Structures are given as C-alpha cells and as structure tokens.
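As structure tokens, the structure follows; a few thoughts come after it.
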C-alpha cells in the first residue's frame, strides 16, 4: 500500500491531466477559430450591395454613403467632451452612457458611437476629428430608394443579431443582413462576399505583420444586381389607389408567372427603415397592431375567396362531366340546404353556366357543387376528387414562390372536416358554402391571382416569382420556367371564360368596363367576422375581384382584395379595371373614376368595430 | 557490476528522459520569447539564449555532483539544512525584492533564491533524520521532529510572501507516508480540504446533511459482524461540523479579497454571472488566456513558431509558469499528452529506482526528490489547464529561470549519484 501510494497518485494525475486536455483540445476545439483568436485581426473589405431594378431596368434600390463615428475605448485620450458632444449633436449624458456600453463590449475593439451621420454632419466633424484620439469615422453604405413604394416586396436590411451570428458564421457583429422581401430572399446574391485580410497582433493590439503571410486573405466578391419582375409604375400606381384602404393586390403576367405588382395596404415608405430614425420608425410600424402596415396582405391575408371561386367549381364540374355549359338550374332567389334557405342576389330565374357566372348565382353553383360530389358513391370520394382539382390550381398549399414569406390558404378536404367536426359528422350541407367560395376555403390574393392566371392560360400556370434576372446571366431557376398543368382539360375553359367576360358585358361588373380592352373577371363579396374584446361581430363585406385581360392573349391577371370594401365591383372591381388600363394602355382615360378611387378611403369602416358603439354594415354611402 | 565505472552504473534512462524534457522545454521557451528570427540562439541578450546558458550551468552542476564523494551528501546534510535555514532568515534583513516578494540574494551576476536551495537541503535533512538508526517513525515525538524539519522552511518562506514555494514543502509528507507514517493523516488532510471546499460551495447546513447521510449509509451497509465505534464517530461528526462552521469565519477574515476571488473562480462560488465574468477577466485572466491557447491547438497544434496567441504574447508569464500553454498551442494534444506521458514515465522510473536502494537514506532522499518534482508538475500543469487555482510555481526542467533549472537538476542528479553507488556502499 505505502509503496504503491505515490505511483498511483502519479497515474491518477496523468489521467486527470489527459482527460482535461482532451476536453480542451478535442472537445472544445473548433477548427474555424481565426475570427475569435484575439491575436488575429480580420480587416474586412465590404463590396457594395447589389442594386435592384424593375422589369424595365428602372432603378428601384441603390446605395448611399453614411458615416458612423466609431470609438476604440482604450485608445481614447482625455478630450473636450462638451465640444465633441455638440459636434456630434448628442448630450453629455448619452455620450457617457454610450462610452460605457462600448467599454463593456470591448475596450480594444471598435464600437459604433453615433451611427449614420448625415453628409453635412460628417463634413463638419471630419476636420475636427484629429483632435479626438481614439475616435474615427467609418464610411458605410446604406440603401437608397428611388421609389416610396414596394416596401413589402423589396424588404429591408438591418444589423445582424445574436441569433444570426450563431446560425451563420459568415456574419460579424455590425454587418447588415436582409430581413424581408427580396433583400432576404436574395441576400447572398445582393451582398456578395466580403474580402478579408488577417493581421497578426500582439497583446498590445499592435500589428506585427500579415497572418500566415496572407495565405488566408481573400478579395471581396461584388454583390450582383437584381432585375425583378415588378413594374415600378404599376406598383406605385396600385399603392396610390390603396390609399386609405386595407387589402392586397397581386398582378401576374400569365404567360411567364412574373409578378407585376404586389401591393399591400396600408404600407410604408421603404426609406423609413434606413438611417438614424430606423429603430424609431420600425417600432412605430411594428406596434401598429390594428392596421398592421408591415403585414403583407398580398401574400399573408387568407380571406375566403368568395365568388371568384365559383369559376373553379364550374371548371371542375365540366372536367368531371357532371354537366355541360347548357345545364340549367333554377334559382328561387336562393337555394335550399335541407330545410334551410340560403339567399342569392342574382335576381332569380333559370341559370345556365354563362349567366350563372356573370350574375354570380349562388343557387346555380350550389347545384353544380352537389353534382360534383354526388357523382361518387360517397361524399368522401367526391371531396377527394374536388380537393385534388382545386389544389392543382396552387390553392391550399404553398406555391413555392421566391418570396420569403407566405401562407398556404386552405382547401378543406376530408381530413380537414374530420378534424373539424369529428369523423363522419359532416355532410353535404356542412360543405355547401365551398360552392360559392365562402365557408372554410381560404386563399391569399397571390393564390387568387395565380388561379386567374391559370384560367387565362387555359389550364396551366408558372410558379409566380419575382426574380427576372440575376446579374445579367439571364438564367433562371427552372422551377420558374416550367409550366404547371392543372387537372382541367383545355377545352373546358372557354365556356367559363365566356361567362367571366360577360361579367363585364352584362354582369356584376358591367359598369367597370375599360373601353377598348376585353376583360374577363369575376366579382366576389365576402362575409366576414371579427372578434373584438371577445365579441364576435359581422363587418362590412370584403370586396374581391379577379380579372385577366385581354381575353385573347392575356397580358395581366390580377386579384384585388379590399377589406370591408362591400360588394365585389364597388372597390376591388374599380381598382382592378384601373390597374388593367394602366398596364395594358399605359394611361387612364377615366379620370373621374381614377380621382374617386385615389381619394376615397375606408377608414370609417375600419374604426367601426373599435368605436364601442353599435354600427351598421354594408351601407351604400359613396 | 561494481567493477564498471560511474558511467556504467548511472541510470541512463532517467538521464535521457531528463535531457528530453529540458530540450522540449527550451524549444518552447525559444518559441515564446523569440521576437526577431534573425538573432542567433546563442545570443545571450535574449531569454532563450540565457536559458541555453543556464542549461550549460546545470550541466556543469551535474559534472560537479557526479564527482563528489557519495557520502558527502549524507554526512553534511544537517549542516546544509542549517545553512539554508540561516539563508532564509537572512532574507528578512538582506533580501532583495523582486515582483513584490523578498526571496532573493543579489550576488551581482546572479540572483540566488534560497527557497530553491532549501528544497534540496530539506529533502536531504529529512532523509538523514529518518534514516537514523535511532529514529522510529511510529514514535509521536519523532513524528513531530520530522514535521518540524519539513515545516520550518515552509514557515520562513510564507511571509516573503511566496505561498507557492511554501506549499512545495508539504509534498515531503509523501516521504513520511512511504516510511510508515500513518496513512490516516493523509485521510484527515483530504477530509479537511473536502470539508473546506464543500462548505464554501454548499454551506454548513448541506455539509451537515451530507455527513449525516454518509453516517447513515455506514450503518446500513455495514457487515453484521463489524462493530461501529459509536463514540469516535460522534466526535468526528461534531468536529467536522464545528470545522465547517469555522470555515466561513476563516474565509471572510483570514483570507484577503484576492484569495477569495481565486476560490470564487475555482469553485464557481460567485453566482452573479457579471461578477464572475469580471473576476475571470482580472484574477482569472492568465488562466483564461492559457486555456484558450491550449484549446486553440486542437489535436495537431498550430506548429512550431506558428502559435498566434504565443506570438502575440497573450498568455502572461508564458515562458515561466505558463510554458505548458505554448506546448498546447503549437504542438496540440499530441504534444501535451507526450509531455504528460514523459513526466509520468520519468516519475515512475524514479520510484522504481528509489525502491531498489539498499540504503534507507538514498531511498528516502529519492522519495523526497520525486515528491518535490511531482508537486511542481501537478500544481503547475493543473493551474495552466485550469484545474487548480493560480499558484505560481515553475514546471520542472521547462520553465525559464536559472535557479529553478539548476536546483531541480542538482536534486535529480544527487539522487542518481546515490543510485549509482547503491551496490558499493549501501548499508
């Protein structure tokens, strides 16, 4: 025992040491440590962020210089604080606070003392800078917008946070990163790749030459410019039309799937999220939880589609062969589900497909819908077929666009109803609302526009996208250039399109014709409810409209969704017709209508549920 | 065997291991202190040049030791001891203060550190006293004398202040344990340390609860035949609790803030993250930098002269106490494990040698040598890799410094010289 004591202690110590060393050098070791090594300083060379152009090559987003006042706390010599503060335009207390924050972050690394000085401040400060040791001015590049529209499409950039730094080793504190929209989706293309130069330092932070003779240094890679499919003029025009209204508009070029405009109301000027006022503005936008300006309604709102959905039910019925365009249903100013009567505004009478569409007859489509699932032995099977057809139009699922956010909408199938009502505890009466686009179906304006594009193309669509050209390569991800077929055969589209065209000629939108352009469209009026302080109340209907034009060789397909805009043609229809005219003709002939749409607001509708007083809905007030 | 000369009888394996360690040490000193690659390694204005000179001196010391009569050390051990005690006392009057510690005599060309010398002489004196035919290790009075031999220099060194060197002398207890000093003293020591640490970490209440559970377990799992001495158990329990209660007082009143900070860091006592970070950046700065340097070496290391943290001089005192961190950074896990294995093998070899001595004096001195070297190695590397609190002791044969290298060498070679004579005149 006593002879072995020391030997065992030696062995024990050996094992302990090797264990600890394994932990340090094998477990805790990370191969990529050049950046955290205090002995190596990385000096970055940032390439300019890529410009963004619209579909016609017009500049939308460029860059502007900005100047940050930086400080390296331990190099600071005693200074005339008062003079310095007045030069910087800050008070002494906040100067002291910022200096403390910088020192806590790191005494030897630079921190931003005052971010993003204006050019004037910079000019004033620059000549005095040499009196203040430890401070210097760093030039940075900020986004510059040539438009005050398309904030939701373009997105914004902001400084990387802790999470970004952990998730992506590329970023270094203080760098900028795309947060939403195109800036996020094409972040890597726009930002390029920063160059880096490694310098070996000693512990006094003095340079003692290049690290590894510069073998690891890299040159910056320029960010590429992006051409997007947005039509800047159309986008700006659409946003002006949305003044005072909430809702979303998406316009697509059917023959390519290119998104021409993606408008959300209310919106904000993208320049608000640049520069010194950024965080103030951001909080203001972000905490406006009632009008939600940062919530892109064109891709995130999921209202029931309303009557435009009828066109799809007609197509499915034709494809399934359960009726032909001449098949007639009688409308009793409504229709019966069991003993319950559901209303219809079409005026009543005998309806075939053509008049069923242009008069938007609920009874006709309830009948059509019944025929579809009655074709199959069980409702389950009927639903399954119906669901499959609907989903082939890009509904009830993510479209796979290059927009970094979105919603799937909903096409309720068997699984949905089983979950909703319990297995088998639902039947045709439960689901009949789907015939007219009410009830459980839901779609984003983007999905509605895409669906319209598929009708315009007579049976296929391209995945909607916003990228037109990266750099000037001209090559695009094949998923945006390959057509996606719907399950409906080409020949079934003509009768439906005829009905949609007659919507303008004789139907629900006959007063919004555009002289000289043949348009096919469909109105929608969507009942909706809101819950305020736990009380469910019905609000004025949403105004919905889908359209494409010209009917032969369509150039534009769009969906307009205006919250609480009442019936389909009232707001959505007018706005759609103006946008079509603007895009196809380039100018507006109907100046009165234009003026009215630009000026009218729906604010009086939006305050109703929050007024605390009883209110009427669906009022005819112009 | 006895017919062969000195070079035939000396243990070449130990010498080889020694030389290898010195070489690796010097290579790392070169790497840490190199600032201008164009200077010659024999440039004595540089630290690595000086260290090379010290290695030369140590070699001269080896020759000197090897050609001295073997009996010399045993015969004059007491006188050496008395001289070194006088030298330690003399420091209070004539000492030279370097870096806050009055531990040196200024000899003009050389600063002599008597505490280094005293390590050799105390080991010799202890061996001589214990090997005396009249000394009985089981005798309480003799145990006390042995303790005095060990603790006297330690007490004289403590107020220099140099607690690190002071601590080294306690390693000589291993000599006592080898010679039959009751092992339960070691047990008491370990329990004391454990009680101290656990009280700081969890508080007296939890320590009492823990001890209670432990006692209970003893009763539950005892064999039926064994009788538990109830009274001593109660006494031990009571003393432990009382000790635990006194810890708080000692911690707050005897230790200074800087000591408390070291404990706080080592045992993670400080719960406030911000304060802990503060301590880590001040008191723990050296350890933090050295851990980081070692960690950054990975498995293969960054290569000779490629250590960025070494080059940037980020680890303070890297050429002296923190030399091992440079091994970690430049030679990686392979390098550090090699050094650990070399040391372990070296120590085990020395134990083997000590055990084969016929002379009690030689064996005891051998154990003294091993204990002193081992505790330096343990404290130093333990501190550098962040297992132990910061205590400034050099790594034998590695760390920069003349006194250290020369006395460690003397210590080793006196023992090897004794060993080479084991068959000749071992009594």
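Numbering starts at 1 and runs along the chain as displayed.
Quick reminder: no glycine exception, Cβ is built from N, Cα and C everywhere.
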Of the ranges B:108-131, B:228-251, which one does TrEMBL flag as transmembrane segment?
B:228-251
Annotated transmembrane segment segment (source TrEMBL; candidates B:33-50, B:51-68)
B:51-68
Do the transmembrane segment (B:170-197) and the transmembrane segment (B:331-352) come together with 3 or more C-beta pairs under 8 Å, pairs six or more apart in sequence?
no
Using a cut-off of under 8 Å between C-beta atoms, tell me which stretch among B:12-31, B:80-105, B:142-158, B:331-352 contacts the transmembrane segment (B:397-416) the most.
B:12-31
Going through B:51-68, B:80-105, B:228-251, B:331-352 one by one, which has the most CB pairs that fall under 8 Å from the transmembrane segment (B:12-31)?
B:331-352
